[in-house]
Amino acid sequence: MAQITLKNLAHSYLPNPQSETDYALKEMDHVWQDGGAYALLGSSGCGKTTLLNIISGLLTPSHGRVLFGDRDVTDATTAERNIAQVFQFPVVYDTMNVRDNLAFPLKNRGKDAAYIKARVDQIARMIGMEAWLDRKAQGLTADAKQKISLGRGMVREDVNAILFDEPLTVIDPHMKWELRTQLKELHRQFGHTMIYVTHDQTEALTFAQKVVVMYEGRVVQMGTPEELFERPAHTFVGYFIGSPGMNFLEADVQGDRALLPGGETVMLGAHYGPVAGRVQIGIRPEHATLVASGGLPLTIRRIEDVGRHRLVRGEVMGRPLNVVMPEGMPVEGLPQVAFAPQKINVYADDWRVVPQEEGAA
Amino acid sequence: MEKTQNNKAWFLVLPVLVIVAFSAVIPLMTVVNYSVNDTFGNNEFFWAGLEWFDEMVHSSRLHEALGRQTLFSAIILAIEVPLGIFVALNMPKKGFWASLVLVLMALPLLIPFNVVGTIWQIFGRTDIGLLGRGLKALGLDYNYTSDPLDAWITVIVMDVWHWTSLVALLCYAGLQSIPQAYYQAARIDQASRWAVFRYIELPKMKGVLLIAVLLRFMDSFMIYTEPFVVTGGGPGNSTTFLSIDLVKMAVGQFDLGPAAAFSIMYFLVILLVSWVFYTVMTNLDRSQTDIPEAM
Amino acid sequence: MLELQGISRSVGGKVHIHPTNLTLQKGSMNVLLGPTLAGKTSLMRLMAGLDQPTTGRILWDGSDVTGQRVQDRGVAMVYQQFINYPGLTVYENIASPLRILGRPRDEIDRKVRETADMLHLTPMLGRKPLELSGGQQQRCALARALVKGAGLVLLDEPLANLDYKLREELRVEIPRIFEASGAIFVYATTEPEEALLLGGNTATLWQGRITQFGPTPIVYRQPVDATTARVFSDPPMNFVAARKQDGAVTLGDSQLPAGSFSDLPDGACLAGFRANHLSLTRPGPAAVEFTCTLAATEITGSETFVHVEHGADRWVGLVEGVHLLTPGQPLSVWLDPAHVYLFDASERLVVPAAYALAG
């Protein structure tokens, strides 16, 4: 096992990249701690698969180096890097039975039979496939096949990292829960470095200790789920994390208050120095609440009952704004919306402005 | 997903049935007619019952032709299928070279059968043919017109040259449908080249291989034009395959009755062997019935 | 109005759809909710007329259309895959159903532009589908389904192949589009949250059977049986074996306070509750406490999923805030009795959760 370091890494699929837009992956420096559970989150085309393929060795970066521990593996083949990967669609060897599928990576590395048997049984138990070990892989359901793929990824104890490329795409919601918690348990038991690529925020946030949010070939934030939720570093993170995403309102920030174009004032939970550029305040729908008075006037367009909460879609001064109201809380007869001051973030040209208190601390 | 039942669809099939009736069923009935009658021309028929069939079943001439034919098809399949797979595996997957190779591979398939025969007939001649003279120059005693073994080799090489492309192209199509993820997974699992072939490529090619084997079997079992042009069935009867023998019987000797009986048995043999092939190869999958993707 | 009367379908001795009665009103949004292979697609194909039912009749506005061809029925369908004509522009794609109907040129132009506008496709009208993003391709397919003004629009997991955020965006738009069209919408999905967001009515499906049909929030809060509750919960509903004796209900190692259990027969029964109703602090004086072992936690940034083991049962709880807990540690969880559903031995709902009736 090893720490993974990306040094001045960048990649372009073009032979002679001219400008920044030619790069699928813009220059980055990152360290992935040994034994960490990471998620690479972003919409399609943001470069997350490119980054994954560079780490796994399926792609050689056009700039920069990839280090596993102290070893430079930039030009090493996939096999030399000693990693495991689980793909979006189940990859199983159809003609083999489940046992042989799980044993395949071990057999190829010449492990002895007793060890293979013990290890395969252990993995089968963990993925809940003991009863299926002697079934042929062909003809199993998609989730069973994906479980085999996961199992094959886990079966080697000495891998440097296990990479997951949207592994739960083909899985039913009910089954997703089961597989995701199994993954977490496997991570806890074996302590492998895991990198999980997905466009699904729930999967990313629940799986990872640290989530890497990518946007247009750039890492915009690397942080714990809580950091991403509470203090998104970029408006894209605010929009992308959370369902629905963060609300943004244009404002003029002075000290600890924000002046909205309509003349209203919103109190902020912190003091800010002079802020230049296009300034917005961001507030999560979960941190906004409907009130009778003392807030901003809200025009309600639609109320959706999502079961455990209600989603109020409305407008503040012509700008869309969503509010999440917990189950059982009334929404009728409350014409205004108020924000929790501590939870408001300030953005200048889409990047978060650090308040004076936080900067000093 | 199963298909919709729509009885009106049968009407659409009707024109085809009519055409098939005229083009196949009626001529076939004529053959059946000849096979159970004796005729001396002038549209005079004498009922012969199963006499011709009886004669043909016990004819050593037919047995020998059938033996040659079976051996020929077996050799053809044994060479062309593995060779076709091998070629397909080594064809470039994309880019300019892939297109070029595809065109080159398709070329032999576009040449008419008798032209193929003529090409090899000349090519192999020891007086003016490049191959024949080349072999002679190397000190080999090669002459397909006099040596049965040389004739066999020439006919087989010609068929391999003509038809391996078909097997290769079919396999190539099968290989192209394998998602990249399978190869990546295999690299990560450190699978050997052989294991990749055995566990990924071969299973995914099985469907097209079935078609390739069936086509090659049927075609080779009915082969006529090419060996006829090259060897004319000789030397002696050494390359007289079933259809060459049939033509000799029907056209050369005007034994229409026996020839008709022969044709029907020939047809039934091909049908039977094809059916056996098909059943055996699909039964390999029987234990692995796929669960439908959506109900 | 679309009526299915005793519709069933079997293929080769295997029952795909058990006899089903279902009435869908004009201008209603209807969600078919169930896991893969529950029969959602089968049912839709029967509604569309792509498959013939083994038994039963299908009525459209009172007249029998069972044997009628799909082409004559006025249905439109959108699939999980983005199905458009790759060689035609978006404009021509949207116009294609109208051209087949032989509508006049100016009417086609007007309708195409209207529909494109509604689906935010106006700037892309001149492009080919493959030059569009996945979300736009699916919008184009939706536009094609809507443009001919079909009375029945069937959507078979239309958002399943889209990115999470695009899905969120289209989910907001579909009810809006639907309201404007006045057709019967039938929308198949595997995700309970999607059903809730779409509103309207929901039919829950399980193994070829509709287990319940009614207004979406009612089906969600008052499931008629444990199967419906299971299908309509994400994460799945938690269950715990319970027992009723002498007028009191015992739940694990605790007892439910006195309530209206008179309909419940004595003996073993099943109690169910949703993940978001489990809490790590005592929610009220009446709350029931369970001692569990923590198996895993998942943090979403604002909430925490706690996976706990209670005896042989495994539960999921969704609690507010970020909780950093060590797996393996003992954990007390609480449950407000108002959130407990009681099912009898055959898994039929007997006592609905009190909160659901109040709400």
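Heads up, the Cβ atoms here are built off N, Cα and C, so glycines get one too.
So that you can see what the record holds, here are the features copied from TrEMBL:
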- B:12-36: transmembrane segment (TRANSMEM)
- B:66-277: domain 'ABC transmembrane type-1' (DOMAIN)
- B:70-89: transmembrane segment (TRANSMEM)
- B:96-123: transmembrane segment (TRANSMEM)
- B:151-175: transmembrane segment (TRANSMEM)
- B:207-225: transmembrane segment (TRANSMEM)
- B:259-278: transmembrane segment (TRANSMEM)
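If one looks beyond the transmembrane segment (B:12-36) by at least 6 residues along the same chain, the residues whose Cβ comes under 8 Å of a Cβ in the stretch are 45, 47-50, 52-53, 256-257, 259-261, 263-264.
Residues 105, 155-156, 159-160, 163-172, 174-175, 197, 201, 205, 209, 212-213, 216-217, 220-221, 223, 241 of the same chain lie 6 or more positions beyond the ends of the transmembrane segment (B:70-89) yet place their CB under 8 Å from a CB of it. For the transmembrane segment (B:151-175), same-chain residues at least 6 beyond its ends with a Cβ under 8 Å from one of its own Cβ atoms are 72, 75-76, 79-81, 83-85, 87-89, 91, 102, 105-109, 111, 116-117, 120, 124, 144-145, 201, 204-205, 207-209, 211-212, 215-216, 219-220, 223, 226-227, 230-231, 234-235, 238-239. Within the chain, the transmembrane segment (B:96-123) has long-range Cβ neighbours (under 8 A, six or more residues past its boundaries) at 87, 129-132, 154, 157-158, 161-163, 165-166, 168-169, 172, 225-230.
Nonlocal intrachain contacts for the transmembrane segment (B:259-278), taken as residues 6+ away from its ends with a CB within less than 8 angstroms of a stretch CB, comprise 31-35, 52-53, 55-57, 62, 66, 210, 213-214, 217-218, 221-222, 242-243, 245-246, 249-250.
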